[in-house]
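To keep things clear, I will list the structure first and then write my remarks on it.
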């Protein structure tokens, strides 16, 4: 028998990766503590809050008796909660994974495979690549957020080759000159071929080779910093070297676009695109996968050969999304992937907003503030507060009202801030 189509409050999972923000300074820690009624450990890193059905960090129905029912079990037994079209396309599972990230230290230089490669990697190395799905993703900044994303344009890379002598020393004058002489008439294919060759040569260098050159670059930049102002990328390289001494990722960071998001701005990443999150806090949404191919800025397994062969080698600055207003309080971020979209809602005290019926499932998280949630035209309301996470079935209208000064807690922030993840609206057109 199908259960009532009502929102289900979830108890979610946390990941304590070493790059996370420590203790109470982490939004992930604060939200997880409220979500799970657990104490925050001051010297423990809190990196990611996971919301969804992925087995590496599953969510559970909060109001269920012990042992709690996994969300995956609920939707598997009741595919109608996902909506007909979603169940037909993706089966009895959520097609997206929703997260909050708190980043203190740079994540690895990485890329996520497309579906075809993911299947091969999962079959050959299941202990490293846990599933066979692709992993396009999008990050919406909660605070100022820094990332490396995609390869810089041709002219900027030429500047790098002319101004970072350690590169030329490692990849050789012949290959460096080939790229320096690239022009508009050569076409994208030739440019990509040369870029792939020099990037692969850089990333495939032995530790003995690159560690000496990273140290040499650091000494040079430290000396030059006394007589001139270093560029942003040079300052970033020195920051990364402090986090990951003698790592090839310090040198390779010059190859990538340095992106700074303001709160409310978003960045999306397709399959086979290189990136590394550097600092800040964000909402992240992706296809349900945890496949990561790493090659730098990490103590974890590095699959350099796979990474260098899988990348698209597209060049140019990535598109920054600022959200399309749905109403005065809500913006929608729509990446070019069927699996997901994200809504950001900032609701002043006492104001209300309606999330209309959609043909697919949604996950909601309250990041700050408090208020009330109402289902369709029902009489009753449920109180919501920061750390609350809800699964909302398909075809369910949700009304949200921010607490007014009179009915909010004394320490409650002025606005109710929440995020919704759902299947991309364009998928249903």
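Note: Cβ is positioned from N, Cα and C throughout, glycine not excepted.
What TrEMBL records for 294 is active site.
Residue 110 (Zn(2+) binding site) counts 23 other C-beta atoms within 10 Å of its own C-beta, drawing on all protein chains shown. Per TrEMBL, the feature Zn(2+) binding site maps to 110, 112, 137, 275.
Computed over the domain 'Phosphomannose isomerase type I catalytic' (9-151), the whole-number mean pLDDT of the model equals 94. Annotated domain 'Phosphomannose isomerase type I catalytic' per TrEMBL: 9-151, in sequence order.
Sequence annotations record features per position, and here TrEMBL assigns domain 'Phosphomannose isomerase type I helical insertion' to 170-255.
In sequence order, 112, 268, 269, 284, 285, 286, 287 make up the list of same-chain residues 6 or more apart from residue 137 (Zn(2+) binding site) whose Cβ falls under 8 Å from its Cβ. In this view, residue 294 (active site) is surrounded by 22 other Cβ atoms within 10 Å of its Cβ, with every protein chain counted.
Distance between Cα atoms for residue 275 (Zn(2+) binding site) and residue 294 (active site): 10 Å, as a whole number. It is 4 Å from the Cα atom of residue 294 (active site) to that of residue 110 (Zn(2+) binding site).
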